[in-house]
Amino acid sequence: MSIRAEEISALIKQQIENYESQIQVSDVGTVIQIGDGIARVHGLDNVMSGELVEFANGVMGMALNLEENNVGIVILGPYTGIKEGDEVRRTGRIMEVPVGEALIGRVVNPLGQPVDGLGPVETTETRPIESPAPGVMDRKSVHEPLQTGIKAIDALVPIGRGQRELIIGDRQTGKTAVAIDTILNQKGQDMICIYVAIGQKESTVRTVVETLRKHGALDYTIVVTASASQPAPLLFLAPYAGVSMGEYFMYKGKHVLVVYDDLSKQAAAYRELSLLLRRPPGREAYPGDVFYLHSRLLERAAKLSDAKGAGSLTALPFVETQAGDISAYIPTNVISITDGQIFLQSDLFFSGVRPAINAGLSVSRVGGAAQIKAMKKVSGTLRLDLAAYRELEAFAQFGSDLDKATQAKLARGARTVEVLKQDLHQPIPVEKQVAIIYALTRGFLDDIPVEDVRRFEKEFFLWLDQNGQHLLEHIRTTKDLPNEEDFNKAIEAFKKTFVVSQ
C-alpha cells in the first residue's frame, strides 16, 4: 500500500501542531566546599535568604549567607553523603512545620517529624517558622491570669496570658520543674502547652514526657525536641518551630503556653553556625544579631485583641546563668526583651527553699494587672515582708539583742519562707493559695512553730476540703475574698483542732 506525499505532509503538520515543549527551569548550583554542617554553593544567584534548598541525596539545607561569589548553606540533616561538585536545587519555599490538633500528645523534632514511635502525624496544614509578630493594634494588654499553681510565683511574680516571663538561674536550680508544674496546673483550663527542649539530654526529655504522661498532661501538650546530639541548625530552629505550632492555635482564639528550655543553648548553636559561616563575632563571640534572634522569637507571644479572636500565646523562656551572673550577655538581652524574670538561686535551692525563687531580683512587669482580686489583697505585703526578713537576717547573725518589732519581723519572715515552699509536681489551686497566704499575712501563723508550718498548711487544706468548701467556692467564682469575719472564724476553728508537735 503506497502512502501519498500529501498524506505524509498532513501527518507531519499534525505532529508539529500537537507538539508541546515542557521546559522545567530550576536554579541549580554546585557544591564548592563542604564541612562542619555548612556547604558553600556556587551558581544559586537568585536564592533568597532563609530559602530551603535540596541536595542531590535529598537532604535539605537553608540558605543563610548570601555572598558575592557563593551562598553559605546550613545543612538540616546528615551531611556525610554530600561531596564537592554535587548539584543543589532551589525549592522556592521557606522552612515550614506541620501544625494542627493532631500534634497534641506527640513528641516531634523541629521539622515536625514524630520521634515517639507512634506513627506519622496526620496533619494537612503547615505554617512558616518565621512569621511577623502581631502589630500594636492587633494586641490587647495582658489582663487574664495564667495560674502556675506555684505559691511563690502566683503571689509574688504573677504571670498573665500573653506575657513573656523569663526563668533564669544556674543549672540544677529547678527551672524545668517550675515549667513542668505550670504545665500540670493547666489541666482543665482549656490551655494548650508546648514544651520545646533545646540541646537537652534525650534521657531528660524522656523523663519530662513520662512525668507529663503520668499526670495526664500529654492530652494538651506538644513536645518539640532537638537533643544535644542533633546538628546545630536544628537546635537553632527548634524554638521557631514551637512558636509556629502555638500560633496556629492562638489565631484560632485559643490560649497557648510555650516553654523554651533553654535559649542559652539556642544562642550557642547560633553562635556555632555564625562562626562557621565566617560572620564577624561580637561580645562573647556571639554574632551581632543574637539580640534579634531572641527578640523576633519572643515578640510573637501576645494577647490578641477581640477583633483577632482574643487568643493568647504566653512564653516562658529559660536562660542558664554561670555562677549566678545575670549581667552576662544573653541574660541581659533576654531580660530586656521579656516582661519580667523569675530568678532561681542555687544558694536557696541547696538550703532547702524550693522553688528557690529570689524575691528581690524577680519581677513581673505586667502580671499585676492579671492577678485575681483576692490574691492582690492577701499578697500585697508579702514581698516587703520577705525583703525586710532577708535584710534583718544578715544583722541577726551577729547575735546582738533585738527589739520586739525586729523579732516579730524575723518570725513573720521565717514563716513566709516556709509557706512559700512547695513539693515537686504538686501545683496548688489558686483558692487554696489565697487561703494559706491570708492566714499568714493576717497573723494566724505567728504562734505556730516554724517547723510545723508545712504540716499546718497540709492539714488546713484537708480541713477546707471537708468544712470550708463554701469559702473556696466563693474565691473560685467571684475571684474575691469571702466575708473576712467568716474566713477568720474558719481559720480559728481549724487552729483549735491543730496539734503543735512537741
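Every residue, even glycine, has its Cβ placed from backbone N, Cα and C.
Listed in Swiss-Prot for this protein:
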type	residues	note
BINDING	GLY169, ASP170, ARG171, GLN172, THR173, GLY174, LYS175, THR176	ATP binding site
REGION	115-139	region 'Disordered'
SITE	SER362	site 'Required for activity'
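When Cβ neighbours within 10 Å are tallied across all protein chains shown, the highest count among the recorded positions GLN172, THR173, THR176, SER362 belongs to THR173. Here the CA atom of SER362 (site 'Required for activity') lies 15 Å from the CA atom of THR173 (ATP binding site). Looking at LYS175 (ATP binding site) and SER362 (site 'Required for activity'), their Cα atoms lie 14 Å from each other. Between the candidate binding-site residues, GLY169, GLY174, the densest Cβ environment within 10 Å is the one around GLY169. Sequence-distant neighbours of ASP170 (ATP binding site) (same chain, 6+ apart, CB under 8 A from its CB) are GLU320, THR321, GLN322, ALA323, GLY324, LEU344, GLN345, SER346. Across the range of the region 'Disordered' (115-139), the DSSP-based residue counts are 3 helix, 5 strand, 17 coil.
Least crowded of the binding-site residues (ARG171, LYS175), judged by neighbouring Cβ atoms within 10 Å of its own Cβ: ARG171. What surrounds the ATP site, by Cβ distance within 8 Å of the Cβ centroid and not counting GLY169, ASP170, ARG171, GLN172, THR173, GLY174, LYS175, THR176, is the set GLU320, LEU344, SER346, PHE349 from the same chain. DSSP assigns GLY169 (ATP binding site) to a strand. When the Cα of SER362 (site 'Required for activity') is compared against those of the binding-site residues GLY169, GLN172, GLY174, the shortest separation belongs to GLY169.
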